[in-house]
Each structure stands twice: as C-alpha cells, then as structure tokens.
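J.: Per Swiss-Prot, the features are:
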| type | residues | note |
| --- | --- | --- |
| DISULFID | 17-22 | disulfide bond |
| ACT_SITE | 32 | active site |
| DISULFID | 42-89 | disulfide bond |
| CARBOHYD | 43 | N-linked glycosylation site |
| CARBOHYD | 73 | N-linked glycosylation site |
| ACT_SITE | 82 | active site |
| ACT_SITE | 86 | active site |
| CARBOHYD | 116 | N-linked glycosylation site |
| DISULFID | 152-188 | disulfide bond |
| DISULFID | 170-180 | disulfide bond |
C-alpha cells in the first residue's frame, strides 16, 4: 500500500451539477478530496467518526460540501467515503494520521493553495466565452511553479466543447508541491474549454 504522492483535488460545482441536478451549488471551487495515488481503503477497521472533526465542521461545510446533495447529512456520507477510501491510506503520514489531522490539513492546503483567488487574479473567470486549455495550464504553472492536472468532461450531444471539471495539484509525501504526471483519466483535450458560470 505504499504510495508516493498526494493529489489535492478541487472540483467546479457547476460542472458537477451539470451532470446531476443540485440545489444552490457553491459558486467557487470546492474540495473533492486529498488522495494518495495508487491506493484505497487501507484500513477497514478505522471507521469515520464525525465527532473527531466537530471543530472543523463550519469550514468543512463551506469548502468541502457534498455538492450533489445539499442536505448536511449527505456531506457526512461524502466525508465518510473520502476518509474510508483515501484518508485511511493518507494516515501513513504522521501529519495526516488521524481524522482531525487528515481533514484539517486538507482544509489548510485548500486555503494555502487558494485556487479560487488564484484563478481570479489570473483573469480566468467563469464565462460564456471559451478559454484555451493551454492558457489555463500555463497560467497555473506560472503561479504554483508545478504542472497541475486539469480535467474536463467531454462534450455531450449538442455541446461544442469540453467543460472544465477538476483541477488537481500534486504533493510529495512531505506535502510539497510537485508536477502532476500526465496523462490521466478525463484529462482535457488541447483546445477550447467551457468554464461554466453559475446558473442565474
């Protein structure tokens, strides 16, 4: 179960919700998870306990909600899944070896990386005009100094272009940024991409 890197996964709620209906999705990038590469469900006898992250709940609800289901109970199911599948593996690291540390550190990374404000400062905002994938990638490399992984949903019938879905930043085992390896699942094609604005 040895893993080599962590992947900080941000997703864009409008794209997630385009696939399914959501009520009032956040209009900012939220956390999908902090995932060790190449492993899952490392310890089935370490159940998720919401009491351990009580102090983190206000931030969890804001930055790590279950975008598809707005009820708070659903977010607990989502966090349980993330802990059982990914957190139990991440816990190999001292910095992440409890539920409080795993969720707390992920929130810290989210705030430090500040993807939302970074994209805005770069002038990359949700728009009905399209962006070029290469422009988004190069802009992010300029800020973070590493190559991110940008993931898209392919165009559905009637759509002209792919839709921006997730942005991943990769970290070493000592939580330093590193290049994300190419390629991967659902990676974006070169060319135009739609970064969907919130529905009115």
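Just so you know, the numbers here start at 1 and follow the chain as drawn.
Cβ atoms are placed via backbone N, Cα and C, with glycine included.
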J.: Do you know offhand how many angstrom separate residue 170 (disulfide bond) and residue 82 (active site) by C-alpha?
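T.: If we compare the Cα positions of residue 170 (disulfide bond) and residue 82 (active site), the gap is 17 Å.
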J.: Highest CB neighbour count within 10 A among the disulfide-bonded residues 42, 89?
T.: 89
J.: Counting all other Cβ atoms within 10 Å across every protein chain shown, which of the glycosylation sites 43, 73, 116 scores highest?
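T.: Checking each of 43, 73, 116, the winner is 116.
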J.: For residue 86 (active site), which residues in the same chain are close in space, meaning a Cβ under 8 Å from its Cβ, but six or more apart along the sequence?
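T.: Those within reach of residue 86 (active site), by Cβ under 8 Å and sequence separation of 6 or more, are 33, 34, 35, 36, 40.
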J.: According to DSSP, folded down to helix, strand and coil, what is residue 82 (active site)?
T.: helix
J.: Filter the recorded positions 17, 32, 42, 180 down to those whose C-alpha lies within 10 angstroms of the C-alpha of residue 82 (active site); answer none if the list is empty.
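T.: If one measures from the Cα of residue 82 (active site), the recorded positions that come within 10 Å are 32.
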J.: Three states by DSSP: which one describes residue 42 (disulfide bond)?
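T.: SS state of residue 42 (disulfide bond) = coil.
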J.: For residue 32 (active site), list the number of other Cβ atoms lying within 10 Å of its Cβ atom.
T.: 21
